[in-house]
Amino acid sequence: MGQRLSGGRSCLDVPGRLLPQPPPPPPPVRRKLALLFAMLCVWLYMFLYSCAGSCAAAPGLLLLGSGSRAAHDPPALATAPDGTPPRLPFRAPPATPLASGKEMAEGAASPEEQSPEVPDSPSPISSFFSGSGSKQLPQAIIIGVKKGGTRALLEFLRVHPDVRAVGAEPHFFDRSYDKGLAWYRDLMPRTLDGQITMEKTPSYFVTREAPARISAMSKDTKLIVVVRDPVTRAISDYTQTLSKRPDIPTFESLTFKNRTAGLIDTSWSAIQIGIYAKHLEHWLRHFPIRQMLFVSGERLISDPAGELGRVQDFLGLKRIITDKHFYFNKTKGFPCLKKAEGSSRPHCLGKTKGRTHPEIDREVVRRLREFYRPFNLKFYQMTGHDFGWD
């Protein structure tokens, strides 16, 4: 012990090169590649997760009609933007719906019109990119008609990846115009380049101020009107009101001013809404007929894919919604989409769709058809389309 070797070094003095060396740190390139690979794995996982609820289930299974949105849609329009919303430079006067008289006495405006039905529901992929896109004023609006099939048309269109629509009825151009366009825009869903923003409020078609107001927003707005046999539409309208207020008078008593003389009471909105030619005249003062598409409510039942093809063409969209998206629900008697938007499960519109209509006296129906016939013929001429109601 303590003996020194030649050269004056202790036996414990071992050359450093004989000791094990720590591994060299990985070069920066390896770290970057590892981080990039990890990020790619996370992105791929999120993409596949999103597609599981969206790519495999584009269409939505919904019945025809204009009722409330399917229950799976989450709320999105409950609040207005923070702070005081910008307003138009004037206080807009109350809109003047052409419906009046008995309708006001009955309080027949349904809850579906009075409050938002169900707000917009983004698909899983759009939720993943919720920070993307921007809110735009609508480029297309379904303006009517009540009980014509507007809800079904909107839900069918929402299957299309290039259509983004607000689920509730905004009622901006008839009830909330004084809140301003900034408030209206904030109700809309976010869209990406190439997507169309839409909304539907059937009461616009019978509101005198609506054509000028929409034109002031944009003269290029595309307008869609879903129309239906006015007699059937009136009975459906009455049936909806009856379900809310069972104590209202009979359809027959509301239809006539004087049944003996056969005078139809056009102050009742259920009758007045069906005078399509009269309402269309107001719209043609502000929009050319080429900017309006008239969809047959009857064909939405008998040939939904065909009617949706016309709508997609009108909106400049690729024909993605086709026959393969639909099946016929024998219980309800309506076509449905095979899969709901953002879901792999079938779903039809609510229980209020396909209500059984009350029995109406055949003589009343005959007189109503006689009343509507000249208006229908004029409507056919104005639109260039025979809807075959007579």
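Every residue gets a Cβ built from N, Cα and C, even glycine.
As annotated by Swiss-Prot, region 'Disordered' applies to 1-25 (among others).
Annotated transmembrane segment per Swiss-Prot: 33-53, in sequence order.
Annotation comment: Swiss-Prot describes 54-390 as topological domain 'Lumenal', evidence class sequence analysis. Looking at the topological domain 'Lumenal' (54-390) alone, the prediction's average pLDDT is 82.
The region 'Disordered' annotation in Swiss-Prot covers 74-133 (among others).
Look at Swiss-Prot and you will find 123-133 tagged as compositional bias 'Low complexity'.
Under the DSSP three-state reduction, ARG151 (3'-phosphoadenylyl sulfate binding site) is assigned to helix. The local packing around ARG151 (3'-phosphoadenylyl sulfate binding site), expressed as other Cβ atoms within 10 Å of its Cβ over all shown chains, amounts to 28. Residues annotated as 3'-phosphoadenylyl sulfate binding site in Swiss-Prot, with similarity to another entry given as evidence: LYS147, GLY148, GLY149, THR150, ARG151, ARG228, SER236, LYS353, GLY354, ARG355, THR356, HIS357.
Less than 8 angstroms from the CB of ASN258 (N-linked glycosylation site) sits no same-chain residue that is six or more residues away. Annotation source Swiss-Prot lists N-linked glycosylation site at ASN258 (among others), citing sequence analysis.
Swiss-Prot lists ASN329 (among others) with the feature N-linked glycosylation site.
What Swiss-Prot lists as disulfide bond is CYS336-CYS348, and the listing cites similarity to another entry. DSSP classifies CYS336 (disulfide bond) as strand under the three-state reduction.
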Least surrounded among the recorded positions, given as SER236, ASN329, THR356, when other CB atoms within 10 Å are counted:
THR356
Between CYS336 (disulfide bond) and LYS147 (3'-phosphoadenylyl sulfate binding site), find the distance joining the two CA atoms and give it rounded to the nearest Å.
17
May I ask for the distance between SER236 (3'-phosphoadenylyl sulfate binding site) and ASN329 (N-linked glycosylation site), taken between their Cα atoms and rounded to an integer number of Å?
20
